[in-house]
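Straight from Swiss-Prot, the features:
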BINDING   Gln40, Leu41, Arg42, Asp43, Lys44, Asn81, Ser120, Lys149  4-amino-2-methyl-5-(diphosphooxymethyl)pyrimidine binding site
BINDING   Asp82, Asp101  Mg(2+) binding site
Amino acid sequence: MHESRLASARLYLCTDARRERGDLAQFAEAALAGGVDIIQLRDKGSPGELRFGPLQARDELAACEILADAAHRYGALFAVNDRADIARAAGADVLHLGQRDLPVNVARQILAPDTLIGRSTHDPDQVAAAAAGDADYFCVGPCWPTPTKPGRAAPGLGLVRVAAELGGDDKPWFAIGGINAQRLPAVLDAGARRIVVVRAITSADDPRAAAEQLRSALTAAN
């Protein structure tokens, strides 16, 4: 079931716990109603972390419960970033791993059998390894510099073109990093058909409308 939902996914949203706003449930509802297919909790470097400190495990699980409930009501997938233990405890559908996180085979020993795993990639060798490897999907970028990953050079749309040539549609992959409605046409022209966004929706005055705009463009391209 998760595999088929992943295969049809086009719009992937990463959000923090929105502790400084206190509106996580309402925000998730709006974003998912707008067409988000996968919603991931990623609080690292967030305004809430800067104001209140790192999200503690108990609070992280509470935020996970909110997102998971909303995702499942909309037939979407709920993802956790980095932490296999939190993903297992929260019953996440997806765990996303960076290049320096657990190897996929180790993470699978911790996770429930049906949990999907994604991997970040930042250069052509990593893209090729992910396309041939045992992760269920991979992300390619950053397409543009982003405050979510401060100090990380952006390989740009050239890496998206590499992924389009290598990956095709054999394994789902998503372009990531600084993507918004204005930049999306260039991302699509480079060959991506799935995207991950953060600020394009999390900073929007109307998250539902922002998601709908992105979703409409992705649907037209597919």
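For all residues, glycine too, the Cβ spot is worked out from N, Cα and C.
Structural mapping of features recorded in Swiss-Prot.
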residue	record	DSSP (3 states)
Gln40	4-amino-2-methyl-5-(diphosphooxymethyl)pyrimidine binding site	strand
Asn81	4-amino-2-methyl-5-(diphosphooxymethyl)pyrimidine binding site	strand
Asp101	Mg(2+) binding site	coil
Ser120	4-amino-2-methyl-5-(diphosphooxymethyl)pyrimidine binding site	strand
Cβ-based isolation winner (fewest other Cβ atoms within 10 Å) among the binding-site residues Arg42, Lys44: Lys44
How far is it from Arg42 (4-amino-2-methyl-5-(diphosphooxymethyl)pyrimidine binding site) to Asp82 (Mg(2+) binding site), counting Cα to Cα, in Å? 9
Surrounding CB atoms that lie within 10 Å of the CB of Asp43 (4-amino-2-methyl-5-(diphosphooxymethyl)pyrimidine binding site), all protein chains: 21
Rounded to the nearest Å - Cα separation of Asn81 (4-amino-2-methyl-5-(diphosphooxymethyl)pyrimidine binding site) and Asp101 (Mg(2+) binding site): 10
In angstrom units, rounded to an integer, how far apart are the Cα atoms of Asp82 (Mg(2+) binding site) and Ser120 (4-amino-2-methyl-5-(diphosphooxymethyl)pyrimidine binding site)? 11
